[in-house]
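Undergrad: Attaching a single structure in C-alpha cells format; questions to follow.
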Amino acid sequence: MECAVLSDPRNAAFAVRLHFHDCFVQGCDGSILLDDTITLQGEKKASTNIHSLKGYRMMDRIKNSLESECPGIVSCADILTIAARDAVILVGGPYWEVPLGRKDSTTASYELANQNLPSANEGLMSIISKFLYQGLSVTDMVALSGAHTIGMARCKNFRERIYGDFEATSDANNPISKMYIEKLRSICPPIGKDAEKNITGMDNVTPEVFDNSYFQMLMRGEGVLNSDQELYSSLLGMETRALVKKYAVDPLAFFQQFSDSMVKLGNITNSDSFLSGEVRKNCRFINT
C-alpha cells in the first residue's frame, strides 16, 4: 500500500472505496473483486461500480505476495479491509485495529450492487435507509462520508449539483466560492458525453490528505456531490447537520468516530460465506 500511495495518492481513495463497495453487497466477503465468468456475473459492471471503482490490480499484487509467503491463509476480504485501513493512515488519517478472519464468498450480486449502494444524486433519507439496512447508524453514515476528504468525483456524478442548487447552498457573494463554481463548470460543461469522465477532487482544499476539511466545505455549501451537501443542507438533516458541524471543528472527534465506524463497516458479515466461504487463491476467481 505504501508503494501504491506513493506512486499515486489516489490509490488511497481507491482502496477505501473498494472496501466500502464490497461490504455493502453481501457483507465484507471480497465479492467486489470477482470477475465475470460464464457461470458468474460479478459486481464490477454494476452502475454504481463500473466507472467509480479502480485498484483491482493493486489488490492482485497484495494477494500474489501474500500467497507466495503464506498460501491459503489470508482472504481477499481481509486484504480489502486491511488495505483500506493502511490507505487511510498513509494519507494522514487515523489508525484502528482490524478484526480478521473473513472468508471469501463464492458468489457475487450484480443486482444488490445496483440496489444497496448510495448514488451521487440520492436524497438524504434514502441514503440513511441504506446505511440502517447494513446496521450502520446516522452517525456512522456522516463519519464514513468523511472519507470523501480524499478521492475524486466524475463530472457525470456532480453535473446535476453544479447546475442545480450549488449557488443556493454556497455564498454567491464570496469571490472564492464564485471562482470555485466557475472552475467546476469549466471541468464539467452542462452537456456532452465526452466531459462525463472529467474529474475533480471531492475536497477542494486538501484532496490528497485525510482530514476534516470535507466537513468545513459542506458548511460553506460547497459539497461537490448532491449526496454530500445533503448532509448539511437538507431540511430533514437536523441530526446530520449537527454532526457535520461537530466534525468540522473537532478533527479528533471525526478521527475517533471514523475509526469506530470503519470497524463496524468491516464487521458486516455474509452469513453464507461465513459457513461456505473460502480463501481464494486469486481474488478474481473462486477456487475450482
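Cβ coordinates come from backbone N, Cα and C, glycine included.
Here the structure is a predicted model, which means the values were calculated and not measured.
Straight from TrEMBL, here's the annotation block:
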DOMAIN    1-287  domain 'Plant heme peroxidase family profile'
SITE      R17  site 'Transition state stabilizer'
BINDING   D22, V25, G27, D29, S31, E43  Ca(2+) 1 binding site
DISULFID  C23-C28  disulfide bond
DISULFID  C76-C283  disulfide bond
BINDING   P118  substrate binding site
BINDING   H148  heme b binding site
BINDING   T149, D203, T206, D211  Ca(2+) 2 binding site
DISULFID  C155-C188  disulfide bond
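Set these features in their place in the structure for me.
TA: The number of other CB atoms found within 10 A of the CB of R17 (site 'Transition state stabilizer'), across every protein chain shown, is 22.
Around D22 (Ca(2+) 1 binding site), the C-beta neighbours below 8 angstroms that are at least 6 residues distant in the chain are C28, D29, G30, S31, I32, L33, A77, L80.
In sequence order, G30, L33, L34, M59, D60, K63, C76, I79, D104 make up the list of same-chain residues 6 or more apart from C283 (disulfide bond) whose Cβ falls under 8 Å from its Cβ.
For P118 (substrate binding site), the same-chain residues that are 6 or more apart in sequence and have a Cβ closer than 8 Å to its Cβ are S126, I127, K130, F131, S227.
Taking a C-beta cut-off of under 8 Å and a sequence gap of six or more, H148 (heme b binding site) has these contacts in its own chain: M202, D203, Y214, L225, D228.
Taking Cβ-Cβ distances under 8 Å and a sequence separation of 6 or more, the neighbours of C155 (disulfide bond) in its chain are I187, C188, A195, E196, K197, N198, I199, T200.
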Undergrad: Among the binding-site residues S31, T149, T206, which residue has the fewest other Cβ atoms within 10 Å of its own Cβ?
TA: T206
Undergrad: Taking the Cβ of D29 (Ca(2+) 1 binding site) as the centre, how many other Cβ atoms fall within a 10 Å radius?
TA: 29
Undergrad: Compute the C-alpha separation of V25 (Ca(2+) 1 binding site) from R17 (site 'Transition state stabilizer'), stating it in Å without decimals.
TA: 13
